[in-house]
Structures are given as structure tokens and as C-alpha cells.
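According to Swiss-Prot:
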- 1-28: region 'Disordered' (REGION)
- 137-191: region 'Disordered' (REGION)
- 155-167: compositional bias 'Low complexity' (COMPBIAS)
- 181-190: compositional bias 'Polar residues' (COMPBIAS)
- Gly261, Val262, Glu263, Asp264, Ser265, Gly266, Leu267, Val268: ATP binding site (BINDING)
- 366-398: coiled coil (COILED)
Amino acid sequence: MTPMKRSVQTQVSEPFMESWGEESLPELPAEQSLTEYSDLEEAPSAHTLYVGHLNPQFSVPVLACLLRDTLERLEMPVAREHIEVVRRPRKAYALVQVTVHRDTLASLPWRLQTALEEHLILKELAARGKDLLLSEAQGPFSHREEKEEEEEDSGLSPGPSPGSGVPLPTWPTHTLPDRPQAQQLQSCQGRPSGVCSDSAIVHQQIVGKDQLFQGAFLGSETRNMEFKRGSGEYLSLAFKHHVRRYVCAFLNSEGGSLLVGVEDSGLVQGIRCSHRDEDRARLLVDSILQGFKPQIFPDAYTLTFIPVISTSETSVPLKVIRLTVHTPKAQSQPQLYQTDQGEVFLRRDGSIQGPLSASAIQEWCRQRWLVELGKLEEKMKALMMEKEQLQQQLQQHGPVSCTCCVL
């Protein structure tokens, strides 16, 4: 009985399993299924990244420029139109549309850590005292931003809210130590300063140097500050004439600065200035100022080239040329400087007067001598008052009698 029952059960179960497998689990060709899955893994997909804790001190174009450069260093090139920056008084964040593999998103933490250690400009992108927050956005951001604002008001550190996005793998803040200054400057050691400066401009690594952001506001023109846009062939055509006019005018007044690459409204734009252009500008300024009379010494002026961080990529670095004339030292007699071409210029409020005629130069000398004469008269009055006070003190004490005794 037992063998018969076992055989019957086996005969019944086998057709049942065969029929169930055929109906519910249709077999697919192995090669086709593997190919489809491999294609899905290799094809990049579109994602929206949420970048938080941006520095609200920068403007929207500057934040977009720095964020674009940051993503390029992380091997995630993004077009400018795919970056949307939202800036508020106390915070700023961005939404970035990227098309990358899932593995690339997973490797963002260690690549961002490496970039932070090598590029100081990335640290300036984050708000003070905070680290950049990267997460994949999958939902609306209104609730997320409201929650982050509430947490900031309550003193809690903001983070990704549940359900609003799938955060990328995070890393502890103590794994990002501050890079020593000696290690930061190590890459620039052993090279000429000009070469180091140009390479720093190309890679947006400005170490130990001033820098300006395109679109920044520097203020308005004053008696001691003059702005020039410097577009086109400015360096080869108009720059030498402006050097003569403004340096001579600043020397004959209280000093000042000429900034080339800044609009009259005070907005920084920068001009295309390569390393060769820097050398030509230095030689031009030195050759012109050597012909001034009275003679000008090198410590009387300073010529610097300030890098400009731009939102657009250019083959030639953008810079602002700053020619500063220091306040002339007080002289025993008034001095009137003239250019290498024998012209004299004066600085008025917001304008340049000159070249002066002979009568204008005589009038200037007369006014200067009147000023010096007034100063001498004031000194004479002060000395006369001091003399009178000393005489009064002597008269109050009276004569002093002395008695001698001879033993």
C-alpha cells in the first residue's frame, strides 16, 4: 500500500507543479534578460540635486558660477541654465538638474571631501560654520524649506526631511580637517609668482591673493577713485593716456587709484589680461612714469592685477588692473608734477582738469603759496603766544636775592 500511495502522490504533484510553473513563471531567454538589465545599469538617468548651506553673502550669479565649478570638479558637468539658485537674507540653496549614473551619486561624499581639501574656493561656497548639504530631490521643497527655517530658528542644525528627498550618503564633519596653510601653498612653491597666479586663476584657486567676483559692487567714484571699463583694445590704445592723466592728477592732489575693469556704476566686469599683457602693462607704466618731473620713485605708486571670478568660462583670465598713487609726502615747498610730455593735470571732484595752460599753472602756484603762507602765519602766532606766556611767568616770580656768608 505504501508504494502505491507514494506513486500516486508523485504522479499527481508533478503535473500540478508543471502546469503552475508554465502558467505563472514564463521563461525568458537568458541572454536577452541579461542584456536588458545591463543596459539599464549603464544608461545615465536624470536627477535633481538639492544643494544646501550655500553662502548667502554671495549674489545669485556668483553662487551659480561657484556651484558649476564645484560640480565640474566632482565630474558632473552642468549647464548654467540647469542651475537654479534661491537666495534669502540668511540662507541660500540651489536645485541642479544632472544626468548621471547612480554610482556617481553614491561616490559624491569622498569626491567632495577630496575637492574640499584641494580647493579653497569650495569652502567659500558654503555658509560660515556649515558644510555643503547634497541630497537628491524627489519632492516639493516648500515643506523642506519651512522645516529648515524652523530648525534654524530653534538652534537645530537643518537636514533633509523624511519623505522630501533621498539623501546621499553623508560623512562626519570631523573627517574634513582644515588644511594647513603651508600645505595649501605647497602647490605654488618653486614656481614664479606670475605663473602661479595665472594657474590659480584658471582653476579658481586664489591662495593668498585678493579676488573680485564679476558683478560685485565696489561703490561710487570719488575724488580719489576712478573707474574705467577697459573693453576692446583699451590696453593697447587708451591705457597709456589714462596713466598720464590720472597719475599726474593724483600726484598733484591727495593721491588716488585708477581701476580698469570696473564700470562707472561700480560693478566689477574685468578685462581679458594674460600674463603677457601684465608684463606689457608694467613696462608701459614704468616707462611713462620715469619721464615725470619731478622724478617719481617706485615707492610712490603700486600696480596690481586682481583676479576676477566670472560666471562664464574664458580662455584668457579676467582681471582688474589697479594703479594706486600714494599720498605725496609733505614737501618744504609746493611741487607741481608734469607728465613725460610736459603736460600738467589736476584732480577735481569727479573730473580731470588739464592739460593746464600757463596762466592756470601760475594761479595754482599762487594758491599753493597762499596756503603755505597761511600755515607759516599760524605758526608765528603760536610762537608769539608762547613767548608772551614765558615772559609773564618770569615777571610773576620777580628777582631772586642771594646772600653769601664768608667764614
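Glycine residues also receive a Cβ, built from the backbone N, Cα and C atoms like all the rest.
Swiss-Prot feature annotations superimposed on the structure.
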{"residue": "Gly261", "record": "ATP binding site", "contacts (Cβ under 8 Å, 6+ apart)": "Lys228, Arg229, Gly230, Val268, Gln269, Gly270, Ile271, Val308, Leu318, Lys319, Val320, Ile321"}
{"residue": "Val262", "record": "ATP binding site", "contacts (Cβ under 8 Å, 6+ apart)": "Leu218, Phe227, Lys228, Arg229, Val268, Gln269, Val320"}
{"residue": "Glu263", "record": "ATP binding site", "contacts (Cβ under 8 Å, 6+ apart)": "Phe227, Arg229, Gln269"}
{"residue": "Asp264", "record": "ATP binding site", "contacts (Cβ under 8 Å, 6+ apart)": "Glu221, Phe227, Arg229"}
{"residue": "Ser265", "record": "ATP binding site", "contacts (Cβ under 8 Å, 6+ apart)": "none"}
{"residue": "Gly266", "record": "ATP binding site", "contacts (Cβ under 8 Å, 6+ apart)": "Phe217, Leu218, Gly219, Ser220, Glu221, Phe227"}
{"residue": "Leu267", "record": "ATP binding site", "contacts (Cβ under 8 Å, 6+ apart)": "Gly215, Ala216, Phe217, Leu218"}
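A Cβ within 8 Å of the Cβ centre of Gly261, Val262, Glu263, Asp264, Ser265, Gly266, Leu267, Val268, the residues given for ATP, is found for these other residues of the same chain: Phe217, Leu218, Phe227, Arg229, Gln269.
When averaged over the coiled coil (366-398), pLDDT in the model lands at 85.
The DSSP secondary structure for Ser265 (ATP binding site) is coil. The number of other CB atoms found within 10 A of the CB of Val268 (ATP binding site), across every protein chain shown, is 22.
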